[in-house]
Amino acid sequence: MAPTKKPQKNKQSKNEIASSLIPNSGHKKPSKAPKLLISPENEDRLRRLLLNFRRTPSPVTATLSVTQKRKKLNNLYENLSCEGFLDNQIELVLSSLRDGATLETALDWLCLNLPSHELPVNFSNGASRFPSTGRSVAVISKSKKDWNVSAESSVQEVKEVPESEVLVRVKSKRDEEEEDSLSSCQPSQADWIHQYMKRLEEEELESSDDERDKVSGPRSFEVIAKEYCVERYNAIKAKRKGDKSGQSQAGLAICKLKEEMNALGPSEAILESEFQRDRQDCEGAREKEVASSVLDDVHESVNADAFFFQLFDDLTLDTNPVGSCKSEEQESVVSNDSLDDLDLGDLFDEDVPPYVPSPHELLELQKKEIMRELCNEKHLTKLNGIWKKGEAQKIPKALLHQLCQRSGWIAPKFNKVTGEGRNFSYTTSVMRKSSGFGKSRQAGGLVTIQLPHQVEDFESIQDAQNRVAAFALHKLFSDLPVHFAITEPYASLVLIWKQEESLGITSREEQRREKFVESLLEADNFSLTTTSRGIHSALPMVDSCVKENDDLDVVKSNHRARRNSSMAAECSSLKQKQENKKKMQKYKDMLKTRAALPISEVKKDILQKLKEKDVLVVCGETGSGKTTQVPQFILDDMIDSGHGGYCNIICTQPRAITVAQRVADERCEPPPGFDNSVVAYQVRHQNARSDKTRLLFCTTGILLRKLVGDTTLKDVTHIIVDEVHERSLMGDFLLIILKSLIEKQSWDNALPKLKVILMSATVDAHQFSRYFGQCPIITAQGRTHPVTTYFLEDIYERTKYLLASDSPAALSSDTSITDKLGSVNVPRGKKNLMLAGWGDSYLVSEDSLNTSYDSIKYIASAVVDYDLLEELICHIDDTCEEGAILVFLPGMSEINMLLNRLAASYRFRGASGDWLLPLHSSIASTEQKKVFLRPPKGIRKVIIATNIAETSITIEDVVYVIDSGKHKENRYNPHKKLSSMVEDWVSKANARQRMGRAGRVKPGHCFSLYTRHRFEKLMRPYQVPEMLRVPLVELCLHIKLLGLGQIKPFLSKALEPPSESAINSAILLLHKVGALEGDEELTPLGHHLAKLPVDLLIGKMLLYGGIFGCLSPILSIAAFLSCCKSPFVYAKDEQNVDRVKLALLSDKLESSSNLNNNDRQSDHLLMVVAYEKWVRILHEQGFKAAESFCESKFLNSSVMRMMRERRVEFGMLLADIGLINLPKGKGRRKENFDVWFSDKTQPFNMYSQEPEVVKAILCAGLCPNIAEGLVNRLTKPAEETQRYAVWHDGKREVHIHRNSINKNCKAFQYPFIVFLEKLETKKVVYLQDTTVVSPFSILLFGGSINVHHQSGSVTIDGWLKLTAPAQTAVLFKELRLTLHSILKDLIRKPEKSGIVHNEVVKSMVHLLIEEGKPQHT
């Protein structure tokens, strides 16, 4: 007897559920998928919610013909039937899904809509998995409606359910225990499984032996056939002689031979074989006209032929071909009667007409031919080792057991199906292995087989089991002649089943299926016909529609006339105002100033070329005035010519606000956006325009957004693209669109003529001219004075500066460049590449430019030397004439650093400190105006700026320029899969632009903080276009949002097209994130991401953070991820930093977030806590207290300030698309916005204090950066001294970086982490900035999800596997699709900011919170 197992409890504790997620140890990657379970309450609630939500199904794009639809529906019907679903269930799902039905969607629909007890067992409870195969289980079964588990289910008698009702098979308690034992697959159960299977085999063999003993060995067919012919001959002779006694004896012998032949098996086939042979002999005898001496033999043959034919007909046409033989007396009477009626007829008559068989006879002949082939003994060799001719036939159960054993399958198992009365009915289950390759491959798995159209039960258990075993032999071993080896009546049954399949006899199920499929097709055709009729019925209305259209044309014509009249009045008004301004003295003075600019010399040429050509390139040196004057040239010309009302000029300008204000001042008009001002600006968060606007300065992004609603720009007369030489990503993208518009209007005269002006500050204008078909170029000379340039070696000599050994700008006190280069094994020719990281002081010393430059050897050129900057500014202030100082630094953090140092010095205290002016794009425009003012006499103005002051902004009184040689540009980090601002050296063109800023009013001086060698040999001639160095995902989203076609063909039209690999990488990432689907179709998520000008992963995180009500922590995490620096400053003693991190999570402040109470296994939540504590101290105690906090917690205060700026920037972006609301009446200060975004009472922060929700959204943003843990396995990496947990990222073994808070963890809440980036060394791959996330987060927000319904498992992103019942897995999949539908609805209603209250969103949040609660024993 098999060993018993303890029954499993109905409910698992949460600790058991959590522990089931821990994978086995000892493998390179998890060998068994973690098991996922949710509470029944949550599952039921989610299912009811999703069924009530009624998500709109995805539209079907592919159109199929009727034949293709029929084939598709038949295949689906067959596949679902094989999976164990009932006909009415299959018809229900196919009727619901119609053309959108696939096997996957149908299984999803069934798992979602059917109760658990109406599904095949594998779909409701997950699949059993066997050690030998590991394959999924496919079930063919029927069960009872109103399923109820009962301890007595194996013996309890249940009334038969009508066929019209849904049937679901009930498993006995013993069966369930056995299946559970097999599904567990634990190594400790191997002995139990082996013993259990051995017991089953012994029982089957004992049963088969008992049956075999009851069957006597039959004689061979040849012996029986020979005796049969002899007895038939004797019967004929006795009849001819009138011997009644002889006829009776022959009849009795014939009856016994018939019984023996029936016991042998396929009696119909035997008789058919004899009939064919004797018939041929008879026909041969007829053709030769045999002599009368053999007439008796011919008569005997003919009569035997007739008997065989009649007997075969009786057997083949009888519904029960194998029946009990009649009694001997009855058979004798029948035989005698048949012999009396025997007559040769006109067998030997001549002139017999040719025989033409009827259709029925043809069918009968076909049946006989099939039977003859089936009974051909040449196929017996296939049964070698199982049965051979002459051996006793076996019962079907025994033969099935042996064939399964030979195939390496687990022994068949018979399951009782309860029926009415005391009769019996059984099904059999066989676990098959997969076999074959390619198209001939057959999947393995558990197959449960039931008799077809079973209308009777069987009074004997053995009979019922042998019947279903015979059918299993027919289904599973159809290529074997099993009918030879099994006893009657089962052999005849197998032959009948084979004959039905060969003749294509349609069963009742097939008839039902065909009828259903045709009804679906007819319904589709009716729908199409109705549509067609609707179209035809609408034809009589064409005349009335044409009349309405004519009326509409009249209305449009009247509107056009009124508009023209209004425009004429506007043109006249603008011209009059222009004439009045020319009389104003202020305007006259301004005209004189404008006329003195170099660009005024080519004014006539510009206007003339624009009349002749559609595209013009204007190239002017810095200070020529092209940015402010060219737009005014065009506007003034149109106003003076009386067409000012039609004028609509858009100028793309990175510094739109400043330039617009400058132009408005020059025109003596009110500020942009006010009444009577034709100048306006529009940037991301500010819009200063009115109905009177005729000249708009905006960013490239604003113009692209306008293109979404107006792809032809029909109302725009001129587009001026300034600073095209900067080669920004969106700038080059805009050029592709403008070129397409120009080409389109060249052959379509109906389109308005758009004029395009490209303005560049460099001499590389010919490249743009060639791109637009050799368009004309107009060059204006710059107005500059000579500029003297001092390089780093000159600055050291002039200031006598000595680099301190402990300065941050020093490499080290004991290591020189020569030592560092010597330690690197690279050829001498590659030393220049190494110098890019350590500076070029080594080449300075080699060239022996000056012997006093010893300090330069130790300069780390990657670091800004603030000591040198401060000393140089003081040196200029002390030794040089008056004039403003312009300092170029890479970014805002560097600007703040230098400002703080200067403000703290004695020199710039008092009034002088008021003229320390920062200049950055994030500074308010009102504050930027001060840089154009002149300071009081005796005070030097110091402007500290980024590259904003490089081209567009011209500050007239600047005489001295200090150039750090650095700037920040957008770069793609392949490790982080993020784009970020990276500090790098400027190009030669950029450096010359900065030098030129010193010679605006008089000869100037430029102090370059890099060597002459770097400028002449190492700097690039021009900046690399962004399209060639940044990820293209944002650009691809804009292409799809604007409906510009396929991505690759469009980008191939660029000025410098990106590589195909870069395009493919972007498209692949968009598909993985869920922004694209199918053939580059934009999803609702992609539609929203296209409107967020941020990195793709951060954009997705922000979007979901607003939807799921945890915006504030997500803003902090997104700001942290987007910063290029870590907020933690790691001291030499890293253990102090680790202790501080733990203290941040442990120490609580009053009213602070409770994130730190619920979860400590997250570097990202650590940053949330750190930021919240820092900003609280900043608001309550001030700047100095916040600085002290940063010092005590090893935090970088500049990074914390940068995070606050990014938080505000990201929050404003979400407000722009209508996802959240902005405060009213609180001003535009960043502090106010940051407080608003942190307000826990706002709907978008409803769940901001729930760690599981925050981590789920973090998972959504960082996917596919997921790793699965081998939690029970510890190993010591090659570069470590301790043993740590091992993780797997789907490709290889990885480890958590030592700077992560999770590094020293030995027990994890879940075996899954998300991470920001990988750090790869020679031997180990590390994960930085990790967070432990739940499997529910991965199922909801991870990569692509693939549900394996039969095996009860889920695959995420193609590699991460979880074990979950099909119904549970489908729930999560449907939740994803429902969220997709919500995002789609948000597109139509962007102002619907209360989406956090959506019932589906609330249910998803509730699931994450409930299932993520701490486990208690």
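Using the three backbone atoms N, Cα and C, a Cβ is placed for every residue, glycine included.
Looking at 1-37, 186-222, the range tied to region 'Disordered' in Swiss-Prot is 1-37.
Within the set 722-725, 786-789, 1378-1381, the record from Swiss-Prot flags 722-725 under the feature motif 'DEIH box'.
For Gly623 (ATP binding site), the number of other Cβ atoms no farther than 10 Å from its own Cβ, over all displayed protein chains, is 22. DSSP gives Gly623 (ATP binding site) a coil state; it is part of no helix or strand. Cβ contacts within 10 Å of Gly625 (ATP binding site), excluding its own Cβ and spanning all protein chains shown: 21. Within 8 Å of the centroid of the Cβ atoms of Gly620, Glu621, Thr622, Gly623, Ser624, Gly625, Lys626, Thr627, where the record puts ATP, the same chain has further Cβ atoms from Leu597, Pro598, Ile599, Ala761, Ala780, Gly782. Residues belonging to the domain 'Helicase C-terminal' (868-1043) score a mean pLDDT of 85 in the model. Secondary structure of the motif 'DEIH box' (722-725) per DSSP, as helix, strand and coil residue counts: 2 helix, 0 strand, 2 coil. For Thr622 (ATP binding site), the count of additional Cβ atoms within 10 Å of its Cβ stands at 23 [all protein chains shown]. For Glu621 (ATP binding site), the same-chain residues lying six or more positions away in sequence with a CB closer than 8 A to its CB are Pro598, Ala761, Ala780, Gln781, Gly782, Thr784, Gly996.
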